[in-house]
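Features as listed in Swiss-Prot:
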type	residues	note
BINDING	193-200, 239-243, 293-296	GTP binding site
DOMAIN	184-358	domain 'tr-type G'
REGION	193-200	region 'G1'
REGION	239-242	region 'G3'
Amino acid sequence: MAKTRVYELAKRLKITTRELIDELEELGVSVKSHMSVLDDEIVNIIVGLYEEEEKAAKIKKSASSKKKTEKEVEEEEIETPKKKKKQEEKIPGEEKVLRITPDELKLDLLAEKMRVPVSKIVKDHFMKGIILRPAQSLSLEDANQIAAQYGWKLEIEKEEMADPLEALKKKYEELYKDESRLVQRPPVVTVMGHVDHGKTTLLDRIRKTSIAEKEVGGITQSIGAYHVEVNGKKITFIDTPGHEAFTEMRARGAQATDIVILVVAADDGVMPQTVEAYNHAKTAQVPIIVAINKIDKPNASIEATKQQLASKLGLVPEDWGGDTIVVPISAKTGQGIDELLEMILLVAEMSEIKCIPTGNARGIIIESELDKGVGPLATVIVKDGILEAGDYIVAGATYGKVRALRDEKGKRVKKAVPGDPVQIIGFNEVPDVHAILYVVDSLDQAREVAAFAQEKQKKEKLLKGKRHVRLEEFMRIGGKDETKVLNLILKSDSFGSVEALRQTIAKLETEEVHIEVVHFGIGTINASDVMLAAASDAVIIGYKVKPDSQARRQAEEEGVQIRVYQVIFDLIDDLKKALEGLLEPEEIDETVGHGEIRKVFKIKKVGSIAGVQLLDGYVTKKGFVRIYRNNQEIFDGEIESLKHYKDEVSRIDAPKECGIKFLNFDDIQEGDQLEFHVKRKVKRTLDFNESSSDS
């Protein structure tokens with residue numbers, strides 16, 4: 001083989017000898033001086049690294065070629081380095097998990113974590129036409145592909161550094177453990193229901209009644225929420241009726257609402273949006289009070305509406321022996337409003353809604369905007385502590401100092417206590433709606449927390465984006481005890497179709513796997529469905545219906561998967577595969593070859609080495625062996641060393657000869673029979689006996 005001296009290669013590449021020596025050391029190639037010789041393999045790698053135009057072309061070409069199916073990755077075997085430790089070896093079908101942080105997505109750092117020389121990785125990929133540099137940054141996808149070739153599966157873990165947002169959250173968790181500090185907090189109420197059933201009219205009636213009792217004059221502006229007093233106790237209403245906003249808030253981890261008022265018109269009954277609103281509230285696990293509205297209308301039927309509540313939603317009224325509070329009202333005339341408010345206070349008392357009454361405030365942003373006159377504005381509902389003018393605040397990646405507070409009447413106030421909705425002037429930028437607001441001790445702390453939150457958001461977006469569960473992931477997830485439920489939202493073109501789907505899906509369930517239909521409905525997939533899917537980590541299934549343009553945009557932003565089908569058998573087939581993906585894989589023992597010990601070599605300080613003639617199949621160092629003598633099994637264990645002549649190898653096929661050292665076993669004799677086997681994990685399948693027809 002031709003040899004090239006270091007200085008000769010440096011001259012060829014038009015770089016200094018020192019630069020080349022540094023490059024070689026980075027690749028893990030040790031050289032003593034400019035006169036050191038390099039073999040052709042190393043020369044080719046270095047030349048390849050410096051041929052930038054070829055590199056660009058090869059990388060572009062490799063982008064498609066290096067994408068392998070999971071099966072190909074599992075079947076690929078990389079030769080184990082001679083000195084690789086036993087615990088690093090990969091058993092067929094088993095993946096070793098390597099936990100790394102986002103900052104460790106670099107080739108040299110990844111190689112170090114895998115305990116594989118970076119020069120070997122560079123060389124292995126160079127032979128495939130892929131040029132890698134030791135210090136180059138890697139995308140998560142590329143890092144996973146490289147790791148898989150050496151028997152590893154990557155898991156990205158949070159960097160071990162103080163998270164100031166988490167610290168603020170834990171601070172309140174600790175305070176809540178001391179029940180002696182807690183007091184009753186005014187409930188926050190959201191009104192939901194079908195369009196035209198009177199949600200806005202109800203909110204207006206409650207608001208106007210409260211104002212009339214106190215003073216002349218209306219509210220000068222809407223800040224997104226208001227509060228009323230009933231028998232000396234406060235109730236806060238979010239003045240943005242609609243379950244989309246409610247669920248969007250929950251999808252972002254903010255639970256502002258304590259109680260939901262479900263409005264149902266007595267002359268119309270339970271409608272599709274009523275079902276939708278109920279499912280949103282049920283998913284959030286908040287108490288529901290039903291307000292049967294429009295009882296003043298001639299064709300109103302309270303009893304018929306109660307019947308529909310029980311049959312369609314499972315909400316059985318208290319006077320029917322159930323546990324759902326149902327209040328007949330007329331938002332138009334005011335009838336029943338006082339009773340409804342009293343029921344809200346009763347439910348709040350039973351729910352034991354608590355807060356920390358003093359100290360630094362915490363709240364939830366429910367509205368935000370940029371005002372040309374005063375700059376960023378944000379409406380917050382205070383959940384804990386006292387918010388005052390002059391406080392330093394942070395909400396997500398935004399921060400500031402409270403310059404002014406305004407109540408729902410537009411009046412400036414000095415402070416806000418738990419349950420109060422107030423508008424804040426003083427943020428550096430418009431904060432995200434539904435962000436958690438914290439009061440901190442200084443402007444520097446506020447800046448630090450906001451900067452950390454911003455950086456965290458960037459890293460999360462860079463790593464994986466905002467993405468919820470996907471159906472195909474369930475098809476291969478397997479083995480995760482904590483994941484045995486598949487959440488679905490079903491939309492179809494007719495009631496008959498959706499009912500047929502629900503019945504068919506129910507037959508797919510077993511003791512091990514479960515499908516939870518979070519919501520079902522008729523018609524186009526809309527933005528409300530997407531927000532519910534985001535909140536409940538569900539997949540949306542459309543049967544003979546499609547998403548509207550807003551839903552498609554929203555799904556892309558939220559990372560929610562929408563699957564649309566025209567044939568019910570295709571839908572059921574995908575669900576079967578998804579459910580099978582939830583099952584623990586089955587480990588099987590597979591015999592892959594046989595051999596016979598023809599010679600035994602006794603080596604001092606090493607032990608007995610078997611000279612083996614392979615009779616059929618193959619032997620792999622990562623597998624196992626059973627040894628039989630006179631048809632009796634005398635050993636079943638691992639292979640410590642596998643050699644072909646003097647070379648350590650990972651696999652040998654019949655009819656070749658090889659040398660084998662058995663792990664912790666030396667009692668071998670000529671004529672012993674060997675049976676080689678491997679352990680594989682195989683996907684389990686479910687035997688479904690459902691019968692379904694296309695609706």
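Cβ from N, Cα, C; glycine included.
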Neighbourhood of Asp196 (GTP binding site), C-beta criterion under 8 angstroms, separation at least six: Ala265, Asp268
Counts by DSSP class (helix H/G/I, strand E/B, coil) across the region 'G1' (193-200): 2 helix, 1 strand, 5 coil
Surrounding residues of the region 'G1' (193-200) on its own chain - C-beta under 8 Å, 6+ positions past either end: 241-242, 262-265, 268, 271-274, 277, 293-294, 331-332
Cβ neighbours of Gly193 (GTP binding site) where a neighbour is any other Cβ within 10 Å: 27
Helix, strand or coil at Ile295 (GTP binding site) [DSSP, three-state]: coil
For Ile295 (GTP binding site): intrachain residues, at least 6 apart, with Cβ closer than 8 Å: Ala266, Ile302, Pro328, Ile329, Ser330, Gln335, Gly336
